[in-house]
Amino acid sequence: MKMKLYRAYAKVNIFLKIQGSRGNYHEIVSRFMRVPSLYDELSFVPKESSEEFELIGSFSCKREQNTIYKAYRALLEFLDEASGLHVENLMQKYAVKVTKNIPTFAGLGGGSSDAATFLKMCNEVLHLGLSQNELALIGLHVGADVPFFIYGYNSANVSGIGEVVEEFKEELLDIEVFTPQLEISTPKVYNLYRENFYNPVDGFEVERLKKISSKDALSAMSAAEANDLFAPAIQLYKELKNHYKYGYYFSGSGSSFFRVKEKENI
């Protein structure tokens, strides 16, 4: 098999508002935007071990907790026996090599992007014939952000618990990302939001946000106004205050901040 490098891009949340709750999950409305300058690289390489599933790369978690492995298990669950055997045979011969550039626990979707890219790699290499909608359905079992990365849009309105992804046609902004050396727990941030900050956005505001360009949205809102998780994250991780700078916005549950680079005058 000819070795090919696949890029798994980061994302930022231009805005992230909570619409309500669904059991233990929160329903959101958010504008996801791809960051072309920040990506992990994935490839299949010949295996050197007898492990059922081999990952090569710098990971801070056990294999069973890795989103790529979770995507592998979810893919097998979805496929019929014959197609599942093709996937298993592939992983008996090849390992997944990952060059990590996207910081983890940072609100940039690195793990979700890796999982989505792995699913697309398997679909392409093995000619599984899965549609984007089917891949997104599989990916949702791995994480709420995975469907966005499956579709590969530059920009999209994401709602529900992540399963509704609607392309938003606009130019990509030149995003600069800054990630403090802090590991943020997304569940803890959401739990504190529900306990102390719960104030769902109304339907009229949801529709307005879905129509506004990302550039205009950022111009009109502060970091706290744009992201409902900013306040609980700051309360939980007080060090974040020391890293916040005027003109920067907060992505996901953190810890990353981002801004739009100013165009240089020539």
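Placement of Cβ uses the backbone N, Cα and C atoms for every residue, glycine included.
Here is what Swiss-Prot records for this protein:
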type	residues	note
ACT_SITE	Lys11	active site
ACT_SITE	Asp145	active site
BINDING	Pro103, Thr104, Phe105, Ala106, Gly107, Leu108, Gly109, Gly110, Gly111, Ser112, Ser113	ATP binding site
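One way to see the shell of the ATP site is to take the Cβ centroid of Pro103, Thr104, Phe105, Ala106, Gly107, Leu108, Gly109, Gly110, Gly111, Ser112, Ser113; the remaining same-chain residues with a Cβ within 8 Å of it are Ala10, Ile102, Gly252. Between Asp145 (active site) and Pro103 (ATP binding site), the C-alpha separation comes to 16 Å. Lys11 (active site) is 6 Å away from Gly109 (ATP binding site) when you measure Cα to Cα. Long-range neighbours of Pro103 (ATP binding site) (same chain, six or more residues apart, CB within less than 8 Å of its CB): Gly110, Thr179, Ser256. Using a 10 Å Cα-Cα cut-off around Lys11 (active site), the binding-site residues Phe105, Gly107, Gly111, Ser113 reduce to Gly107, Ser113.
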